[in-house]
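Remarks on the structure that follows.
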Amino acid sequence: MDTRFNDINRVKMGDESKSVDGEVNDNTYYSKTDAEVNFEHRYTTPETRLYKKRWVIVCLFSSYSLCNSYQWIQYGIINNIFMRFYGVDSFTIDWMSMIYMLTYIPLIFPVSWLLDKKGLRVIALVAAALNCAGTWIKVASARPDLFPVTFLGQFTCSVAQVFILGMPSRIASVWFGSDEVSTACSIGVFGNQLGIAIGFLVPPILVPNVDDLDELAAHIRVMFYITAGVATFLFVLVVIVFQERPEIPPTLAQAAARRISPESYSYTASILRLLRNKAFILLVITYGLNVGCFYAVSTLLNRMIIEHYPGEEVNAGRIGLTIVVAGMVGSLICGIWLDRSKTYKQTTLAVYLMSLMGLVIYAFTLDLHHLWVVFITAGALGFFMTGYLPLGFEFAVELTYPESEGTSSGLLNCSAQVFGIIFTICQGKIMDSFGTLAGNLFLCAFLLIGTIITGCIKSDLRRQLANQQAQTADHLDTSPTQTRF
């Protein structure tokens, strides 16, 4: 075989090799998704194919992700109403949101291991089943003396979330072409964001702030029944429709990943390799800072708005809706832009900086007593802060290829949950003592730190390198001047 062919067509991400920018990669073990694109012992490129069903899969995932994320914020956005109904304090209702964050931290590692061992379908089934179970537990909790039951339902849904958050990048890699992965990941994140948006909008409408507790219980029960019906329908769809992977892989990198024996994969070794990846660790920190700020703002939004605009529970929900809808637009635009430009670091840094500017403007305009100004500044904040989510996922996959997408996404989300809990508790205490401006400036300081760290991340796009070298190999393999023996 032509020696040029051997040299060019070997993408050994497991060896100590040079990355795009010359940095030495010290990955010395193979992982389950190790794409060693080695064409030494065959003369034809593996077949790749894109199936129309890929859009069904990502949209179905997006739908049950929506149903789960909606429940994350459904208590917090009408914080004052649930406080009165269940007879608990504000901090206790804040924990209905923070339980989503806390549950994620210890469970992400076993769930990531399960994803690598059992695949997408098993994870999807467990997520949809737990989400469905949690909604029906809540149906039974619509009485003032049953707060522990409603907390149990929320806890069950929070466990389901662990099986959801790390999936977008994995679904994108397994089902979509190399020019579609960022867009597909954005669609996966889109569902989560849309669920949060609906969680901001619908509860204040379905559960008005009425004085009669029996009437209030009836409104809460209707909200819980609607959620349970949707969750049950989606669970049935997942059972019937959701498929593990396409029969023929969508990319050469994915085809190479399938040739790696499962027995050669070590989850512990994969985690250790990721922890030695300096660029990825910096991204984990910056992602946690940004998304943690978003979690804190979302959880405490009702308190911020009610402090300056008493009686505006419905508009507090609409402002939250504005934040997330603007973010969904930002996510899709960023995903499409990444697929076309491949400028992962530059785009991530620009969006991070704009998130910081958006939060500063929001902080200083919140108390102007003009709600229309808050809607505009909140929309600008959401466009960039929520739009950052898929950027972090896709940048992580590039930096950590060929490691499992579920593992890298899981570590990002784990960081976000840790910072989310810390920021929510700290900002809440600062707001109680010094007001909303001080609380928001507290978050701005950490976004500034995150922006600086993002600028220090080295752009080592390993997945792009693997696909480029595989395509080069294909070109040489089909060249009429190629000599075969």
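Glycine is treated like the rest: Cβ placed from N, Cα and C.
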Listed alongside Asn68, Trp72, Gln161, Leu165, Gln417 for choline in Swiss-Prot, from Tyr295, Tyr309, is Tyr295
Tell me if Arg143 and Val210 end up on the same side of the membrane in Swiss-Prot. yes
Taking pairs 6 or more apart in sequence, does the count of Cβ pairs under 8 Å between the transmembrane segment (278-308) and the transmembrane segment (370-399) hit 3 or more? yes
For a quick check of understanding: given the listed choline-binding residues Asn68, Trp72, Gln161, Leu165, Tyr295, Gln417, what is the maximum Cα-Cα distance in angstrom, as an integer? 16
Taking helix as H, G and I and strand as E and B in DSSP, count the residues of the topological domain 'Cytoplasmic' (242-277) in helix, strand and coil. 19 helix, 0 strand, 17 coil
Counting Cβ pairs under 8 Å that sit 6 or more residues apart, are there three or more between the transmembrane segment (90-117) and the transmembrane segment (313-341)? no
Do at least three C-beta pairs under 8 angstroms join the transmembrane segment (436-458) to the transmembrane segment (344-366), pairs 6 or more apart in sequence? yes
Other than Asn68, Trp72, Gln161, Leu165, Tyr295, Gln417, which residues of the same chain sit close to choline? List them in sequence order, counting a residue when its Cβ is within 8 Å of the Cβ centroid of the site. Ser69, Tyr100, Met101, Tyr104, Ser158, Ile164, Asn192, Asn413
Around the Cβ of Gln417 (choline binding site), other Cβ atoms found within 10 Å total 24
